[in-house]
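Step one of this worksheet: look at the structure below.
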Amino acid sequence: MEDFVRQCFNPMIVELAEKAMKEYGEDPKIETNKFAAICTHLEACFMYSDFHFIDERGESTIVESGDPNALLKHRFEIIEGRDRTMAWTVVNSICNTTGVEKPKFLPDLYDYKENRFIEIGVTRREVHIYYLEKANKIKSEKTHIHIFSFTGEEMATKADYTLDEESRARIKTRLFTIRQEMASRGLWDSFRQSERGEETIEERFEITGTMRRLADQSLPPNFSSLENFRAYVDGFEPNGCIEGKLSQMSKEVNARIEPFLKTTPRPLRLPDGPPCSQRSKFLLMDALKLSIEDPSHEGEGIPLYDAIKCMKTFFGWKEPNIIKPHEKGINPNYLLAWKQVLAELQDIENEEKTPKTKNMKKTSQLKWALGENMAPEKVDFEDCKDVNDLKQYDSEEPEPRSLASWIQSEFNKACELTDSSWIELDEIGEDVAPIEHIASMRRNYFTAEVSHCRATEYIMKGVYINTALLNASCAAMDEFQLIPMISKCRTKEGRRKTNLYGFIIKGRSHLRNDTDVVNFVSMEFSLTDPRLEPHKWEKYCVLEIGDMLLRTAIGQVSRPMFLYVRTNGTSKIKMKWGMEMRRCLLQSLQQIESMIEAESSIKEKDMTKEFFENRSETWPIGESPKGVEEGSIGKVCRTLLAKSVFNSLYASPQLEGFSAESRKLLLIVQALRDNLEPGTFDLGGLYEAIEECLINDPWVLLNASWFNSFLTHALK
C-alpha cells in the first residue's frame, strides 16, 4: 500500500501527509491505510479549490489555463495541509477580517464567495452516515459540510453543493480511479474496512455519586429530577415574547417587565472615603529615566551592565533621607535598602569582572521588606481535620475610597505622544495568511500613530519587568536578586537609547502554583514631589536621593530627585499576562479595524487610506462632563490603546465585575437611544451588581465616572 500511495499521489501531497502523521506520532510505513486516506482527503481539498477564482467584479469564475492578465483572486483559502499553528493563524485572520464565527475544529477550506468555512469528507462508507458523524462532531451551523464517497455519491449541507457539476465530477472520477487502482492491486478491501467513524465524545455521560447528589439538590423548584430538568431545557425555545417565557418558567418567578424610559436610569453611586491611591506595579507618569544614547559599552544588553552605565550618567547623588514615610512600614528599612543597593553596585565596580546578575546580601532590612518568614506555616489537612474550631482567617473588608483626580491625569498622560519610538514596525506581528495587503497597510498606519505613545512605553516597560522578574523567580528561587527596570527606544533621529527607571529586588520565589506570590521591593526614580498628592502615594515610602539639573526655557534649574520605594507582590500568572502586554496593541488595532470596516461598508470600498489621511475629520473619543469629546484618528488610536493598557496595568476582580455588569446597562441605554423601547426587570439588582464593584480601585472608579457622563449625555 505504501508503494501504491507514493506512485499514485503527487509528491507534495505525500510529503504533507507524512508531516501530518508525524505530528500525531503515527508512522506512514505502519498505518498505511491511514496514509492513503490522508492523501486522498488532501487531494480532494486541492481539487475542490483548483481553477476557482473570483474576478474583479466579485463574481465566481473558472479559469483552467492561466491568463496572466486577469485580476483574479483565489476563491478558496486552503487550510488543510498546513501545520496546526499556521492553520489556526489563517482561520483567526479570516475571522477577524470577515467577521465569520470562529470554528471549534480546524476546517478544510474557506470560501470567499459564500463567506463560509467548508469541511470536506471522503468516505468509504455510506455518505449520509459519515455526514451525520461530521455534523455531530463539529456542531456548527456555520461550517458547510460536503461529503464525497468512492462510489460517486455525495452529500452536502442543505443540498448546496457549492461547485458546478463538472468540478465535482472531476473529484468523483478521481476517487473512483483510486478505488479501481487499489482493487486491481488487492488493496481495496482492507482500505474500505479500515475506516473508523469520527470519534465524538458521548454527550450524556452519566453523573454519579457526589456530583449527582449536588445536581439533584441544586435543581430549580418544581423539577423532580435532573432528567426532567434536562428535557425541559432541551425543549426551551429561546426566542419570542419575554412575558410568555416567564409564565412558562416557574410559579416562583414573578418578574414584571418595566418600560425603560429616559427618566428611568440614575447615575451610579461612587463610594465616599479617603481618595484612592496608586496601585500599579511600577510608576507611570511619575517615572524618571536615566538614559544612555547609542549604547556601545562592553556587555551592552546585559541588564546589570546597562544599569551601571545609566547610573554613571547622573552626578547629583546626595545623602538620601525620608521625606514621605509609609504609614504602616518601618521606614528606616526602606532607606537602608536603597543605601545597600548603592553600596553593592559600588562593590561590583570594584570587582575585576562585572558579574551578569547580582544577588543581594540577605540583610535584616531586606528580609523585613520582602516579608521573609512572615507567611503563616502551612499544615497538612490530614493533621488538622480533627481540630474542631478550624476556621479561615477573618479577612478585613476593603475600606471604600473615593475617586481622585490623579487617575484621570494618569490616563491623559498615557494618551500623549513622547519624543521616542517604543516599538519597531513589526511589533504587532507579520502577515501570515495572504489576506490582502490591506491588513499590512492598516497595521502600518496604526503603528505610526501609536509607536511614540506613552501607553506603548508602558507596554514595553511592563513586558520587560515581568519577563525579568519571572526569569529571576525561576532561575534564582532562594536569592534576593537585584533586577534593573530597563526599557529601550529610539530617538527622533533614530538613535538607540537604553533607559533605567530604577530597581527591583525580588524575594524568595518557590512558585509551584500559578497564584503563588513572589514579593519584591521596587525603587523608582522620580521628579514628582509626593507631598503634592500624599493620598496617591499612601503605599510608598519616598526618599530624596539627589538633585537633577534640568534645561528649561529660563535656563538650567535644579530639581530634587526622589526615590519611590514600596513592597509589592505578583504571581506567575500575573507575570505571564504582563509578558503578553503587547496584545494591547492588537486589541486596539482590531477596534480601529472595526471602525474602518463600518465606514467601508457604508461607502462600499476600502476606506483605510482616507480614514488615516483625512486629517480634517474628527471622531468620537469618549464622554466627559463637557459632552462627547472628539479628536483626530491618531488620538482615537492612542485613547483606545491607553484603555487597553490600563485594563492590563490595573487588572482586578473589581474591574472584571464592573465591565461585565455595566455592559448590560450600557446595552439597555443604547437600545433606548435606538428607539427599541427596551423593557427591564430587577433594574435595582443590576445597579447593586455594578455598584458592589465600586470599592477602592482607581481605574474602576474612573470608568464609573465616565459611565455617569455617558448616561447624562445619552439621555438628554
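In case you wondered, yes, glycine gets a Cβ from its N, Cα and C as well.
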Suppose a student reads Swiss-Prot and sees His41, Glu119, Ile120 listed for Mn(2+) 1. Which of Asp27, Asp50, Asp108 should they find annotated at that same site?
Asp108
State the residue range annotated as motif 'Nuclear localization signal 1 (NLS1)' by Swiss-Prot; the candidates are 124-139, 364-379, 668-683.
124-139
Rounded to a whole number of Å, the separation of the Cα atoms of Asp108 (Mn(2+) 1 binding site) and Glu80 (Mn(2+) 2 binding site) comes to 5
Integer Å distance between the CA atoms belonging to Glu80 (Mn(2+) 2 binding site) and Glu119 (Mn(2+) 1 binding site):
9
Across the motif 'Nuclear localization signal 1 (NLS1)' (124-139), DSSP labelling yields 12 helix, 0 strand, 4 coil
Going by DSSP, give the three-state secondary structure for His41 (Mn(2+) 1 binding site).
helix
Sequence gap of 6 or more, C-beta under 8 Å: which same-chain residues meet both conditions with respect to His41 (Mn(2+) 1 binding site)?
Glu80, Asp108, Ile120, Val122
Integer mean pLDDT for the motif 'Nuclear localization signal 1 (NLS1)' (124-139)
85
Mn(2+) 1 site, defined by His41, Asp108, Glu119, Ile120: further same-chain residues with Cβ within 8 Å of the Cβ centre:
Ala44, Cys45, Glu80, Pro107, Leu109, Ile118, Gly121, Val122, His146
Asp108 (Mn(2+) 1 binding site): tally of other CB atoms within 10 A of its CB
24
